[in-house]
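Single-structure report; data block below.
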Amino acid sequence: DEITLRAISAFQPNTVFSEPFEVFADRVNENGAGIVQIDVIGGPDAMPPFEIGNALRNGVVDMANTTAVYHANLVPEGLAMTLTSLSMSELRANGGYDLLDGIHREKAGIHWLGRLTENVPYHIYLSDAPENLEFEGLKIRSVPIYQAFFKGLGINTMQTSPGEVYTALERGTIDGYAWPATGVFDLGWQEKTKARVDPGFYQVETGVYFSEKTWEKLNDEQRVFLESQMLQIESESDRLIPLAAADIARQTEEGIAPLSLPEAEAAAFIEMSVEEGWKPVLAANPEAGPKLREMFSK
Amino acid sequence: MIWWITLSILGAVLAGLFATGLPVALAFLGTNIVGAWIFLGGTSGLDQLVRNASGAVSSFSLVPIPLFILMGELLFHCGLAFKAIEAVERMLNRLPARLACVTVVGGTAFSALSGSSIANTALLGSTLSQDMMKRGYSTTLSLGPAMATGGIAVLVPPSTLAVMLGSLSGISITQLLIGGIVPGFLMAAGFLLYVILVGVFDPNSAPRQDTVRVYTFRERYVPFLRDVVPLFGIFVAVIGGMLSGIATPTEAAALGAMAAFVATICYGKLSWDALRASLAETAKVSISILFIIVASTTFSQILSFSGATTGMLSLVTAVDPTPMTLILSMLLILLLMGCFIDQVSMMMITVPLFIPLAQSAGIDLVWLGLMMLVVIELGLLTPPFGILLMVMQGAVKSVPLVQIYKAALPFILIEILVLGLMIFWPELTTFLPSLTR
Amino acid sequence: MNWTMRCFGAAAAVGFAAIAIVVSADVVIRNLAIARIPWISEFTEYLLMVSTFLGAPWLLHAHGHVQVDILPRALSQSNARRLAVVANVAGLAITGLLFWRACLVTFDTWQLGSLVFKNLVFPEWYLLAPILICLGMCFLEFALRLTLKDYNQ
Ligand code: NA
Ligand code: NA
């Protein structure tokens, strides 16, 4: 017997991070006739992104395209997926996936089905291309996941609402912002962006999350089908590499110059990002935290 | 459930609760209970409603609202606004409907400072509108311009909604911002002309005491220099803070409130009573607005969740897709939505469908985006739920809502007229943006 | 009751004033490079939310909320009074139902021990307490209006 699952997305339709889920849902609907169907009921207009975790926990929706960053209130350990340098196939093999899925189920009644976005790093973007890049004193719009890292670099972190970033860049209230390698063009901020700092850091995580209540109601055939569809899309995660590269090339075309850190500096940059990024995760879960870090790091 | 049944059920509940005279915010919450129970699923749905409502005003983009209101209330209760208005009255005493003209011009100037229509109208409503009511201006002249120019804040940069539309749709933000200038000023000109015509043909609507005595040059201009010019210091603080990059538009609003506070001290007008009154009024007006935003935001979310809005959008794809009918049906849908739904939600709901459709029909996106902005702006004024109407009612509590609807009507018609011009004369909107391409 | 409500109003007013002071101070501190306070914007957002929810019952008590007054004004005095009873009963039901759910949600969140995970880290139920208090006080206001038969608009 066929079941129709109600899905919500944390991302606007037709944007970089809703696209992988749209592909996933389309495939399920195509191959899952008679087994399972997905009805995507809406995006952030229907459910505030930071509430999706609770909606899953209470069974208000059956499944969601979201990121663990949005439900860090319930599962702060989920940030590990943003910090990891391992691929999903490695994490599934070494038990990292099972550990984090278990934490999700136990703490929040959420089942983590799998990952949709991999291999897309975050970058710092600047409204001016400086001759000599100095992080000290730069005013950069940032969000909590990389706040501590930026502070360590001497950056003056700014919390600017998305609606004001454009004006703030134009007027110099902020010198830049951090954003994934892809998606800058979705926001229109490229008009006020002149440089991108390389290397990138972390990697954007979006994934498919289930309400555990719903998941328990599914029969074996339905679960196996959904898992196989998920594994299929995870196995194609390399396709995001050329996509990110294409966006980077387009950035160059539109006048966003790459600013590469010298090798030694780049290594220190990455090391600090990882070190600072793990601190809140370890603080939130002193027991499982170290194990998680071990499994999610190369 | 079929979308129009959903829409009629929720619409009927909302209208029924509105009619009882229950506070608008609670009427929305009551409707939300019904919607959450049906579509979000029983008691878990109600729990989610409580959570969503709790998070709805924790947004930095709403911060300018109380700040600009505080600025206005400080100037009003400490008597600075009154003195400044008095001085302007004297200087312009030959102009019919002077203060209404001042509201239009001042409101347009202020829209170049603020990206928030609500803040704009609340500021003008708590100063100039209240003052005009006291001086015996008609409600149309007292209240209309403050609401109408609040809408201009959406078109003239900076504009939070224009930036948001650009971000959601991929239309160039720069071109949207620049393109908004001409329609914005056209509207302002239309409002000004209308206000003057009313003043000329209906002298009762704008009383003049000056028939009795004629002011000397000195009597006319000294108060202006003394009472008005220094107040520009506040605007310097706000604009300067923004243009120099010291502050974001939101932060500039805070600087404006602090500058107003300093101004009241400098004029020696600050008293404990005045300060208390300003703070109490700020709380009243801000809370009445923000509480409605809490309830109406969650209403839009539930409407979206129920599939009613997506169903409504399917009307667009049903029409014969010649570019003009497509544009007209899109604008019509936005106009309908604007009667019930808040502006940000309208954009989030419609943009993902409209933009690809328009692209495939070969419609100029900047042109379409600007017309969408004008219609979204109209939604701020259209009954039954127009947030600027509610803002005005919060600011002048004594006036019946019907009078406020009536006061907005002529200005709505002028905006529709400008929209018509934009539709049939695209160069009007696309000329300035084309210079930046 | 009157006095309690006024305290809520005063708290809201002070909250809004604090927003102006905090945001301005942040601009000064940032531009003079005295210190870095990454949590200021978050804190301001919470202030806005708390002020709104604490002030709403006071405004209800003061009959200061925006309402569509078309029908009440069109009716005769006695009918308008009956309509006011209907409105207050509806208000009582709406705020009562939501207050009950808000209690359960807040308790559930407290039990779960979830944390708000931004620059400021604190228990999530803190954010639900203001709306809980708001709904409870509004419920009380409607209950008092109905028992005291005080429906003046
Ligand atoms: Na503006
Ligand atoms: Na409206």
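Placed from the backbone N, Cα and C atoms, the Cβ positions cover glycine too.
Residues or ranges marked as transmembrane segment in TrEMBL: B:7-40, B:60-85, B:97-123, B:143-164, B:176-201, B:221-240, B:252-270, B:290-319, B:331-355, B:367-392, B:404-425. The domain 'TRAP C4-dicarboxylate transport system permease DctM subunit' annotation in TrEMBL covers B:13-428.
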With the transmembrane segment (B:60-85) as the reference, find which of B:7-40, B:252-270, B:367-392, B:404-425 contributes the most Cβ pairs under 8 Å. B:252-270
Within this structure, do the transmembrane segment (B:143-164) and the transmembrane segment (B:404-425) have 3 or more Cβ pairs under 8 angstroms, counting pairs 6 or more apart in sequence? yes
Rounded mean pLDDT within the domain 'TRAP C4-dicarboxylate transport system permease DctM subunit' (B:13-428) lands at 87
With Cβ distances under 8 Å as the criterion, find the stretch in B:7-40, B:97-123, B:290-319, B:331-355, B:367-392 that has the most pairs with the transmembrane segment (B:143-164). B:97-123
Within the same chain, where does the transmembrane segment (B:176-201) have neighbours whose Cβ lies under 8 angstroms from its own Cβ atoms, ignoring anything closer than 6 residues to its ends? I mean 6 or more beyond. 95-98, 100-101, 104-105, 108, 111, 138, 140-141, 145, 148-149, 151-152, 154-159, 162-163, 165-166, 366-367, 369-370, 373-374, 410-411, 414-415, 417-418, 421-422, 428-433, 435-436
With CB pairs under 8 Å as the measure, which of the listed stretches B:252-270, B:290-319, B:331-355 comes out on top against the transmembrane segment (B:7-40)? B:290-319
The answer for the transmembrane segment (B:367-392), taking Cβ pairs under 8 Å and residues 6+ beyond its ends, is 15, 18, 24, 117-118, 121-122, 125, 129, 143, 146-148, 150-152, 154-155, 159, 161-162, 165-166, 169, 171, 176, 179-180, 183, 285, 288-289, 292-293, 296, 327, 330-331, 334-335, 337-343, 346-347, 350, 354, 358, 399, 401, 404-405, 407-408, 411-412, 415-416, 418-419, 422-423, 426, 429-430
Residues from the same chain, set at least six apart from the ends of the transmembrane segment (B:97-123), whose C-beta lies under 8 A from its own: 61, 64-65, 67-69, 71-72, 85, 88-89, 129, 131-132, 135, 137, 141-142, 144-161, 163, 184-185, 188, 191-192, 195-196, 198-199, 205-206, 235, 238-239, 242, 249, 252-253, 285-286, 289, 377, 380, 387-388, 391-392, 394-395
